[in-house]
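Chemist: Have a look at the structure that comes next, please.
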Amino acid sequence: MKDFFPKPDSPHIRRTSAAWQHPVYTESQMNAITIAHRSARTTSDRVALTLVRILRFGLDLATGYKHDKAVALSKKDPKFANQKYGMSERKYMIRNIFLESVAGVPGMVAGMCRHLRSMRLMRRDNGWMETLLEESYNERMHLLIFLKMAEPGLFMRVMVMAAQGVFFNAFFLGYLMSPKTAHRFVGYLEEEATLTYTREIADMDAGKLPKWVGMRAPDIAIDYYKMEEGKQTMRDVLLHIRADEAKHREVNHTLANLDQNEDPNPFVSTFTNPEKPHPGKGIEHLKPTGWEREDCI
Ligand SMILES: [Fe+2]
Ligand SMILES: [Fe+2]
């Protein structure tokens with residue numbers, strides 16, 4: 001681990017804290033995260049799912065991640081399979097950094113679109129914007145955490161810049177055309193993110209990523225997640241990040257179920273019956289496939 005971000009020269013400032021405080025996740029909540037898939041019910045859902053599948057295929061190709069083939073081959077020839085398809089710490093880190101550098105785009109674009117729309121049409125936003133911007137902030141924190149463990153080279157930096165240039169504009173146009181499809185798309189993307197981190201944790205537990213075992217979490221992660229003493233390892237970081245991805249999955253699938261013009265954001269609302277489980281900031285009542293409109297609005 002190295003000091004990737006040099007301290008700024010600011011003698012008057014002691015500390016700059018995070019604008020958005022991260023909710024505290026308990027260990028049992030994080031262990032309860034499961035992979036999930038919301039079935040595509042409408043044409044808009046199917047468009048979103050197809051786009052995510054195409055992107056996943058492209059990314060797997062680019063980062064040498066071939067889970068299905070690896071599983072098939074490992075049944076026949078485990079040693080060769082590991083040589084050919086095994087994910088090392090390095091390969092995972094490349095994938096994580098690239099993914100996270102892109103993952104922070106949709107929330108910012110969606111938040112921006114709703115901000116501008118609210119002013120343009122002189123309408124209330126009903127509380128969506130903050131959740132969307134907070135999501136992009138959270139994704140950027142994931143990136144900063146990983147950057148404490150690896151320093152991308154020139155090729156990676158160029159790839160990240162190119163990807164951002166294309167993805168920002170594509171998502172922006174997509175959001176203008178159909179915000180519902182755009183949120184569904186992010187919901188499906190986050191299904192994939194939850195899956196990838198679940199595999200990463202499983203590979204670590206299976207002893208395939210020995211360099212990460214017992215590794216101390218970067219300070220930036222300990223501060224941001226308020227990680228308890230004794231639970232400040234790389235595995236704990238991955239548990240937190242996976243839980244965040246599952247949260248984004250829930251938020252975006254839910255937002256895709258809502259009326260984009262009228263409905264308030266249930267994740268920042270107070271409910272008439274607070275006893276009944278409802279959407280909120282934390283992950284205590286996490287719904288992997290999102291809340292249906294009838295159940296929360
Ligand atoms: Fe992320
Ligand atoms: Fe995410």
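Numbers here mean position along the shown chain, with the first residue as 1.
Glycine is no exception: its Cβ is also placed from the backbone N, Cα and C atoms.
Unlike curated records, TrEMBL annotations are generated automatically.
Reproduced below are the annotations present in TrEMBL:
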- E100, E139, H142, E245: Fe cation 1 binding site (BINDING)
- E139, E190, E245, H248: Fe cation 2 binding site (BINDING)
- 154-176: transmembrane segment (TRANSMEM)
Chemist: Please go through the binding-site residues E139, H142, E190 one by one and keep those whose C-beta falls under 6 A from any atom of ligand 1; give the result in sequence order.
Modeler: E139, H142
Chemist: Between the Cα atoms of H142 (Fe cation 1 binding site) and H248 (Fe cation 2 binding site), find the distance and write it as a whole number of Å.
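Modeler: With distance taken Cα to Cα, H248 (Fe cation 2 binding site) is 13 Å from H142 (Fe cation 1 binding site).
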Chemist: So which binding-site residues out of E100, E139, E245 end up within 10 angstroms of E190 (Fe cation 2 binding site), measuring C-alpha to C-alpha?
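Modeler: The binding-site residues close to E190 (Fe cation 2 binding site) (Cα within 10 Å), listed in sequence order, are E245.
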Chemist: Work out how many Å separate E139 (Fe cation 1 binding site) and H248 (Fe cation 2 binding site) at their Cα atoms, rounded off.
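Modeler: That separation, Cα to Cα, works out to 10 Å.
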Chemist: Tell me the Cβ neighbour count for E190 (Fe cation 2 binding site), meaning other Cβ atoms within 10 Å of its Cβ, over all protein chains shown.
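Modeler: For E190 (Fe cation 2 binding site), the count of other Cβ atoms within 10 Å is 26.
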Chemist: Near ligand 2, meaning Cβ under 6 Å from any of its atoms: which of the binding-site residues E100, H142, E190, E245, H248 fit that description?
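Modeler: If the test is a Cβ under 6 Å from any atom of ligand 2, the answer is E190, E245, H248.
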Chemist: Excluding near sequence neighbours, so keeping only residues 6 or more apart in the same chain, what lies with its CB under 8 A of E245 (Fe cation 1 binding site)?
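Modeler: Sequence-distant Cβ neighbours: E190, A193, T194, Y197.
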Chemist: Between the binding-site residues E100, E139, where is the Cβ count within 10 Å the lowest?
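Modeler: Sparsest of the binding-site residues E100, E139 by Cβ contacts within 10 Å: E100.
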Chemist: Using the Cβ center of E100, E139, H142, E245 as the Fe cation 1 site position, which other residues in that chain lie within 8 Å, going by their Cβ?
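Modeler: Same chain, not in E100, E139, H142, E245, Cβ within 8 Å: L99, A103, G104, N138, R140, M141, L143, A193, I241, D244.
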